[in-house]
Each structure stands twice: as C-alpha cells, then as structure tokens.
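Worksheet: the structure to be examined is printed underneath.
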Amino acid sequence: MHPAAEHSPLGKSSEYIATYSPEQLFPIPRTAKWAELGVTAQTLPWQGVDYWNCFELSWLLPSGKPVVAIGEFAIPADSPNIIESKSFKLYLNSLNQTVFTSLGALQVCLEKDLSAAAGKPVGVKVRTLAEVEAQGVVALPGQCIDALDVAISNYEQPQPELLRCNPERVVEETLHSHLLKSNCPVTGQPDWGSVVVQYKGRALDHASLLTYLISFRQHADFHEQCVERIYLDLKNLLQPEHLTVYARYVRRGGLDINPYRSTGPISPDNKRLVRQ
C-alpha cells in the first residue's frame, strides 16, 4: 500500500458532508510510486493526463432548485499528486447542497480546489446530460487481441518477462484489450479496465501482450501506476520511436479514471466506452 493512502478516507467509514468542503480532498504524492519504477519528477519518460469523469455532480441554484451534470477533469500526469478517489467523491458530494450563482462560478471553484490538491492546474468541463447522451459510446481503435488463445496461471504480479518481440522487424500498429484488471491497493476492490497500446517499434508478439496484461489481475495498485508500469515495460522492450498507453477504467463510486501516457504530445479524446 502507498504509505500516504493509509491515512486517506479510502476503505474507512466516512460521514457524507452535503455542504462545500474542499478539505475533503486528499492528495497522494506520485513520487513513491515513481521511485518504484525507477523514475523521478525530473526524468519522466512520458507526457500525459489522467481524465476523471464524475457522474454524480449536483449543486443548487440561488432559487434552491438542484442541477445535475457530468464533470470532466484533466489532471496532468506530471502533477506532484494524484487525488485519492474516495476523497474526490466526498468533495464532490459536498457540493450537493451548495449554492452557485452560475455554471462559471462552479467551474472556477472546481478548478481552484482540484488544482490545489493536484499541485498543478487541472482542466475542468461541466457538461449537460443531453450533451453527453448525444455523444454516445465509442469503440477502441485498432485490433482487439482478446480472442487470442493464451494460457496463464500466475496473476499476483505483473510479469514483463512474458512480453516478447521481433527485434528484426519494425511495425506501427494499434492494439487493444478489455481484459485489464487490477485491485485497489487499499480496499482490495477490483478495478476493471480496457487499454489501448499504440506504437512504432520492434514488432510486439500479440499473445505475449495479452498474457502480460492478464498478469495484472491480482496486482494491487492505483490505476495511474498500472498504466505507467505497462508503458515502461513496453518502452524497455520495444525501444519505440513512439508509444502511447491509454486505459479507460470502469466507473466506481460515480467516478471513472482514465490514465494516458505517451512519448508524444497529449492528444487523447475522452469518450466513453460501452462499459463506462
């Protein structure tokens, strides 16, 4: 478990406060997990963003009438902190009986509080239900590798030694899988995800990638660190000209988390998959 997470509200009984309470937000430094991967804030081998989508966002108009919406938050991948997910939920719930005079006032409040917790400016969009409904759901790009016939029996830790490639052949391709699963390092609850791998580099053996992703099944870590581990393991193997790893996790507690890590400019979309 991340030492800071032991003091977070995650996995503990909590009082749900219905009026504005920014102190609910609990930042967790990224540095400890980066150290496990052998990187520092000064040597990060990726650019990226963590998209958080909130489906339980509500507040009051000055008339007392409630409003509901969907919040989209973009936390830079090089921010000093992640925000612990239950504390994020408690903070958002604290807006439920809080009056905002306008959508702009709400957005300014969210940007201020979330940026303070993350340690870097956080992008905020508040979207109407009709807007999100019209967008619908999308399919992941590239080739799905889930139908490949693989065998695996060890799910306790990610196993990069399972990955194989052809060093004599360079390809550019996009692969995806819906079989990513890990566990919350605090509560042990399952985190279900889909992941896209886009790269140009040594030809990756598709079956070995699928087996490697499945090896995360009982691994305990936060969403962001799982994606960073996948990114680094693939980068070390493929020596790619470019590499992107983008995971879209299933919603829990009204929030879904979608980490994106890439060698190139940050350009992901934030469109829902069928399980989101």
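Backbone N, Cα and C atoms are what each Cβ position is placed from, and that goes for glycine too.
According to Swiss-Prot, the protein carries these features:
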BINDING   Ile83, Glu84, Ser85, His223, Glu224  substrate binding site
BINDING   Ser85, Lys86, Arg252, Gly253  NADPH binding site
ACT_SITE  Cys184  active site, thioimide intermediate
ACT_SITE  Asp191  active site, proton donor
Do any of Glu84, Lys86, His223, Glu224, Gly253 (binding-site residues) have a CA within 10 A of the residue listed as 'active site, proton donor', and if so which? His223
With a radius of 8 angstroms around the mean position of the C-beta atoms of Ile83, Glu84, Ser85, His223, Glu224, what other residues of the same chain does the substrate site pick up? Ile28, Asp50, Trp52, Ile82, Phe88, Phe222, Ile257
The number of other Cβ atoms within 10 Å of the Cβ of Ser85 (substrate binding site), counted over all protein chains shown, is 26
For His223 (substrate binding site), which of the listed recorded positions (Lys86, Cys184, Arg252, Gly253) have their CA atom within 10 A of its CA? Cys184
Taking the Cβ of Cys184 (active site, thioimide intermediate) as centre, how many other Cβ atoms lie within 10 Å? 20
DSSP-derived structure type at Ile83 (substrate binding site), helix or strand or else coil: strand
Cα distance (Å, whole number) from Ser85 (substrate binding site) to Gly253 (NADPH binding site): 8
Looking at Cβ-Cβ distances, which residues of the chain lie under 8 angstroms from Ile83 (substrate binding site) while being 6 or more apart from it? Leu25, Phe26, Pro27, Ile28, Trp52, Ile75, Leu114, Ala117, Ala118
Given the NADPH binding site residues Ser85, Lys86, Arg252, Gly253 in the record, what is the largest Cα to Cα distance, rounded to whole Å? 10
Between the C-alpha atoms of Arg252 (NADPH binding site) and the residue listed as 'active site, thioimide intermediate', the distance in angstrom, to the nearest integer, is 11
Taking the Cα atoms as reference points, how far is Glu224 (substrate binding site) from Cys184 (active site, thioimide intermediate) in Å? 11
